[in-house]
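Q: Here's a structure for you.
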């Protein structure tokens, strides 16, 4: 077999490999989101403790038996699901599955019917005070404010809207120590409400040492 045939077969093999492994990677791509956005878009937001883990209840899926400690938000359908105390996720990391550690407490903000890498899940002890306050009620007070992902200097210099806060996924100060909240502003036409990043003490400290 000559060199061209070898190269042809190699090319076909590489195409097949990328086609096979490329699909799960595409399926797992998700836009970065601020914790406040996760709260707003979630079907349920709970604080839970992971009790057990099983890979045999449902083929291709990992099922976690959990104890729901607090429910911060849930649709009626999500409440019915949570009564069973079970959350499932794809068994394979390449199919967007996640791993929760047994015995640990997490805040989880998820969409029905499954938990995956695009969901919000964070160990409670690793959360900042601002994040804890946001999920326990702070974010619910800012339903009229939207966090908008912003990439590059051109975006941040662009037009600002009264109901949004621009956010860089690399901005740890806004992510960990602030929330997009309504704020009263005095104008020539009277008092209006605009959304802005809440200037907590921890946020100001972070901004002074970015």
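One-based numbering along the chain as shown.
Keep in mind that glycine also has a Cβ here, set from the backbone N, Cα and C atoms.
Feature list, courtesy of Swiss-Prot:
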type: SIGNAL; residues: 1-27; note: signal peptide
type: DOMAIN; residues: 28-145; note: domain 'NTR'
type: DISULFID; residues: 28-96; note: disulfide bond
type: REGION; residues: 28-31; note: region 'Involved in metalloproteinase-binding'
type: BINDING; residues: 28; note: Zn(2+) binding site
type: DISULFID; residues: 30-118; note: disulfide bond
type: DISULFID; residues: 145-195; note: disulfide bond
type: DISULFID; residues: 150-155; note: disulfide bond
type: DISULFID; residues: 165-180; note: disulfide bond
Q: Go through 96, 118, 155, 180, 195, the listed disulfide-bonded residues, and name the one with the sparsest Cβ surroundings, counting other Cβ atoms within 10 Å.
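A: Per-residue Cβ counts within 10 Å for the disulfide-bonded residues 96, 118, 155, 180, 195 bottom out at 155.
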Q: Counting other Cβ atoms within 10 Å of each Cβ, which of the disulfide-bonded residues 150, 165 scores lowest?
A: 150
Q: Would you say which of the disulfide-bonded residues 28, 30, 145 has the most Cβ atoms within 10 Å of its own Cβ?
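A: Neighbour-count leader: 145.
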Q: Determine which residues of the chain contact the region 'Involved in metalloproteinase-binding' (28-31) at the Cβ level, with the cut-off under 8 Å and only residues 6 or more beyond its ends counted.
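A: For the region 'Involved in metalloproteinase-binding' (28-31), the sequence-distant neighbours (Cβ-Cβ under 8 Å, at least 6 residues beyond its ends) are 94-96, 116-118, 149.
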Q: Do you see any of the disulfide-bonded residues 96, 118, 155, 165, 180 whose C-alpha is within 10 Å of residue 145 (disulfide bond), and which ones?
A: 165, 180
Q: I'd like the per-state residue tally for the domain 'NTR' (28-145) from DSSP, helix first, then strand, then coil.
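A: Taking the domain 'NTR' (28-145) as a whole: 35 helix, 40 strand, 43 coil.
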Q: Tell me, which disulfide-bonded residues from 118, 150, 155, 180, 195 are within 10 Å of residue 28 (disulfide bond) if we use the C-alpha atoms?
A: 118
